[in-house]
Amino acid sequence: MENFQKVEKIGEGTYGVVYKAKNKLTGEVVALKKIRLDTETEGVPSTAIREISLLKELNHPNIVKLLDVIHTENKLYLVFEFLHQDLKKFMDASAVTGIPLPLIKSYLFQLLQGLAFCHSHRVLHRDLKPQNLLINAEGSIKLADFGLARAFGVPVRTYTHEVVTLWYRAPEILLGCKYYSTAVDIWSLGCIFAEMVTRRALFPGDSEIDQLFRIFRTLGTPDEVVWPGVTSMPDYKPSFPKWARQDFSKVVPPLDEDGRSLLSQMLHYDPNKRISAKAALAHPFFQDVTKPVPHLRL
């Protein structure tokens, strides 16, 4: 750790404080994540160390690079490449004018490329949200915190007792499914896609049941026809209200037909029928994709 000079605290992640820091030897600016684990007393579990070490092999232009893992006594520091801003802050700053559609399309395309790469290596994210999608001034967007959920679990609250958001959580997780797939990340990205377009969260639930009911009110309450097996999921209740599906043109009015088609496939109830990242990249919505540069206020 003595090789790093902390410059400033840049945030509080799910697992601990994040600092902007400088490598004293190379001058490289990095993001330093201090992982606070519940097992402070026993030190860091070896399983977590193994999981995290595997992530150093994930090299892709749309994945935030894990540069190093520093394990001291009972603390764990992860050294990542540094990016200037997250998508949440960028969306907040663009709330009045909105994000131009070509930039939304570029961001979604890049994020799907990053997802397709990780999914092909059997790595899930499980906790995608605008706060862990990082952008730079060149128009790139990258997925951060990939694989951390498997190494450390997804807590209900962060180390500062903030509630971990449910807004982007797939319905199969909310319904208690223990064995989920890469499809959970596609769902999260679909929610983020809609949020970039409409400038508001698609399903801003404040509890697990509120989250489910917001999804049901928009997409209709799922049944065995649209989602075989749903009624036998651990947290499914026959007493759930039966809502009808809303017309997608009213849910995301600014989107054209191709955009609505892609979004509806990303938000398919049945995880087995939900579009894969690889298939989504070939969707007609992306036939005119470019890479515009964002107007960042850094």
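Cβ from N, Cα, C; glycine included.
Annotation source Swiss-Prot lists active site, proton acceptor at Asp127. Here Swiss-Prot flags 10-18, Lys33, 81-83, Asp86, 129-132, Asp145 as ATP binding site. Residues or ranges marked as Mg(2+) binding site in Swiss-Prot: Asn132, Asp145. Marked as domain 'Protein kinase' by Swiss-Prot: 4-286. The N-acetylmethionine annotation in Swiss-Prot covers Met1. Positions annotated as N6-acetyllysine by Swiss-Prot, on the basis of similarity to another entry: Lys6. Here Swiss-Prot flags Thr14, Thr160 as phosphothreonine, drawing on similarity to another entry. According to Swiss-Prot, the phosphotyrosine annotation covers Tyr15, Tyr19, on the basis of similarity to another entry.
Swiss-Prot feature annotations superimposed on the structure.
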| residue | record | DSSP class |
| --- | --- | --- |
| Met1 | N-acetylmethionine | coil |
| Ile10 | ATP binding site | strand |
| Tyr15 | phosphotyrosine | coil |
| Leu83 | ATP binding site | coil |
| Asp127 | active site, proton acceptor | coil |
| Asn132 | Mg(2+) binding site | helix |
| Asp145 | ATP binding site | coil |
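Only Asp145, of the recorded positions Met1, Tyr15, Gly16, Leu83, Asp145, have a C-alpha within 10 angstroms of the C-alpha of the residue listed as 'active site, proton acceptor'. Within 10 Å of Gly13 (ATP binding site), as judged by C-alpha distances, the recorded positions found are Asn132; the full candidate list was Met1, Lys6, Asn132.
Cβ environment of Asn132 (Mg(2+) binding site): Gly13, Asp86, Leu143, Ala144, Asp145 lie under 8 Å away, each six or more residues apart in the same chain. The subset of recorded positions (Met1, Lys6, Leu83, Pro130) lying with their Cα within 10 Å of the Cα of Tyr19 (phosphotyrosine) consists of Lys6, given in sequence order.
Taking CA atoms as the reference points, Leu83 (ATP binding site) and the residue listed as 'N6-acetyllysine' are 15 Å apart.
Other C-beta atoms found within 10 angstroms of the C-beta of Tyr15 (phosphotyrosine) number 22, with every protein chain shown included. Least crowded of the recorded positions (Lys6, Lys33), judged by neighbouring Cβ atoms within 10 Å of its own Cβ: Lys6. Thr14 (phosphothreonine) sits 10 Å from Lys33 (ATP binding site), counting Cα to Cα.
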